[in-house]
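Annotated in TrEMBL:
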REGION    1-34  region 'Disordered'
COMPBIAS  18-33  compositional bias 'Basic and acidic residues'
TRANSMEM  49-70  transmembrane segment
TRANSMEM  181-199  transmembrane segment
TRANSMEM  265-283  transmembrane segment
TRANSMEM  295-326  transmembrane segment
TRANSMEM  347-367  transmembrane segment
TRANSMEM  419-442  transmembrane segment
TRANSMEM  486-508  transmembrane segment
TRANSMEM  520-539  transmembrane segment
Amino acid sequence: MSSGAADLRQRKKQNCTESDKMAPEEKSKENSKLGRSPKYMLVQRFAKLFFGCLAAVTSGMMYAVYLSTYHERKFWFSSRQELEREITFQGDSAIYYSFYKEMLKAPSFERGVYELTHNNKTVSLKTINAVQQMTLYPELIASVLYQASGSEEVIEPVYFYIGIVFGLQGIYVTALFVTSWVMSGTWLAGMLTVAWFIINRTDTTRIDYSIPSRENWALPYFACQVAALTGYLKKNLNCSAEKFCYLLVNASTYTFVMMWEYSHYLLFVQAVSLFLLDSFALAQTEKVHEVYRIYLFSLIVGYLLQFENSALLVSPLLSLVVALMLSKSLQMNMKKSTFVSRLLKIMYIYLVLTVAVTLNFLLKMFIPHKENEHLLKFIEVKLGLNTTKNFTMNWLLCQESLQAPSQDFFLRLTQSSLLPFYILVLIICFFSVTQVIFKRICGEPLKETVKLEDGRIGERPEIVYHVIHTILLGCLAMCLEGLKYLWTPYVCMLAAFGVCSPELWMTLFKWLRLKAVHPILLALILSMAVPTIIGFSLWKEFFPRIMTELTELQEFYDPDTVELMTWIKRQAPVAAVFAGSPQLMGVIKLCTGWMVSSLPLYNDDDLLKRNENIYQIYSKRSAEDIYKILTSYKANFLVIEDSICNEVGPVRGCRVKDLLDIANGHVVCEEGDNYAYSKYGRFCHEIKMNYSPYVNYFTRVYWNRSYFVYRINTVISFQS
């Protein structure tokens, strides 16, 4: 094993110029054996590269056009008024887009940034740094591009904004195409990746539900980073391609960190994958540590440009990277003999994990940070280590995205044939990787180049990386359904790579010891025939459905919300503060610009407490209690939603009013029976009766079928 490791280091130390000089000679010898001239091979490779890139770019553009067309058909977007268009942004999406509007209204970019970083016109009695707290760099970039490109006279702001998001989704698909192409060697795998991605759109992307969400802005950059990292890890990569991949990994990693507040968690999973890859000496150590340096650079620059965001300093990614850097010298000096190397290998892994955990603990002790403690409590409750009656915690546990995946999810993936082929490919790759790791432990060195007839796909470092990465992401997705949007795209990519890769089929045939038919010929045939059959069946079954989606007009119209927003803009005072559910407050802030008492954000303890307090309007509390809560936030108007007050959910214990009753101790469930312990009726019902003491505190000023608006009286008259 020590000799194999020494050979690996020696190969890494070989400079680019030497490898570039050797490559043409080796290629010319190979070409002469095949009876082909170097010029013929150059033209062939150029044609393959040209048509592959054309197919990748075309796939991305067509997907972006598909999303735009589907969005238009779903909302009748072009035929709506501006207010009706803005209502389609719900919850946190409305807040993100509202800040984009504010940037466009600002007299200058500098003034707009200042108003966002010192924002006191959104949440009552609270000044927030919206750029840091909500990661508004996408909105800053979009506003700059809109004004700098002179698009004011060409396109409306909303079309420009969603057009950028749809364009990024096209880049997302292109990056997955390229990743599968690089791994398999054929762009047929890229086409199959795109087909599976689009067919399983409900499970691969959240673009249908929340266009401005941070992950829709960030994940395309992560996909580009994964594509570049896949190429960077390949063996025998020429100097120019290696430099290009390195620069792309650098740029995309940093951009990803800036676009999403939770990006460092996903990069931590990737870093763990690379750590395991390097621990078994299956990749060039220097390349892996170059990626660690990129992580370190991105975190430091991100910390500085995100207004000294302490969350990046206490992130597990930083602790792991620093631990790996500190342990690098031990890793390089431990390969002295077979027995010592095995012993020190275990010690090295233990050392890295110990240092990482200790360092993260120390950083959290000495660095002031606002880490979301409710997330840690959520994990405890989710794992059954604790129980709670806290409203916010139970509300999070009831969210569909935080539940385990349903059977429908696996059924959809199976119906599109994605899951069966993914499992097949993963099993073959996993056992091949395990076989290679076992041989490395036994001291067998890796081959310089793996040929097709060797049937050892597990020796390719980029394949090992993707196997580990997809397993880790899959484990997370099995715990929380919301994380399936991180895992499923790479399921599409890995499955498509596998069925189109002759190496994978050859690995399988080696195990089966196939002798009846020439295994190499059969592997080449299957790598073309299987994806062709899959593509044809997908085209026959799912293409008509996709075309139906694009031709069928869907009606989305919410007249009650339109009437409410119109009334607020016409009748409510400009300085008024509205209170209600956080989701509705986001829409009110976007459509009217009026100040609100809460926001649909869950990364701030104060906002979480506000949301819980204002949700009490749907609990069994007295009029005086609710009045004190609302006036403490300087609210002038209260909006009650009939859909929440009269909610009939499929899961009874997950309705907002049920969660409030449990948190307030107003309902105790024993063997299916409910016992009420509150002497007050439900506030949202009682206030509609217009009797004392409710009319003393609140005056109804507007109502329709869905909303009831009450003015919060400043002068209270206690009359029966």
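Using N, Cα and C of the backbone, Cβ positions are placed for all residues, glycine too.
Automated prediction, rather than curation, is the source of TrEMBL annotations.
What you see is a predicted model, and the numbers here were worked out from it, not measured in a lab.
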Practice task
Establish whether the number of Cβ pairs under 8 Å between the transmembrane segment (486-508) and the transmembrane segment (181-199) reaches at least three, counting only pairs separated by 6 or more residues.
Solution key: yes
Problem - Non-local residues, at least 6 beyond the ends, that sit with Cβ under 8 Å of the transmembrane segment (419-442) - result: 1, 4, 280-282, 342, 410, 413, 456-459, 463-464, 466-467, 470-471, 491, 494-495, 497-499, 504, 507-508, 534
Handout entry: Leading stretch by Cβ pairs under 8 Å, where the reference is the transmembrane segment (520-539) and the options are 49-70, 181-199, 265-283, 347-367
Key = 181-199
Problem - Top Cβ-contact partner of the transmembrane segment (181-199) among 49-70, 265-283, 295-326, 347-367 (pairs under 8 Å) - result: 49-70
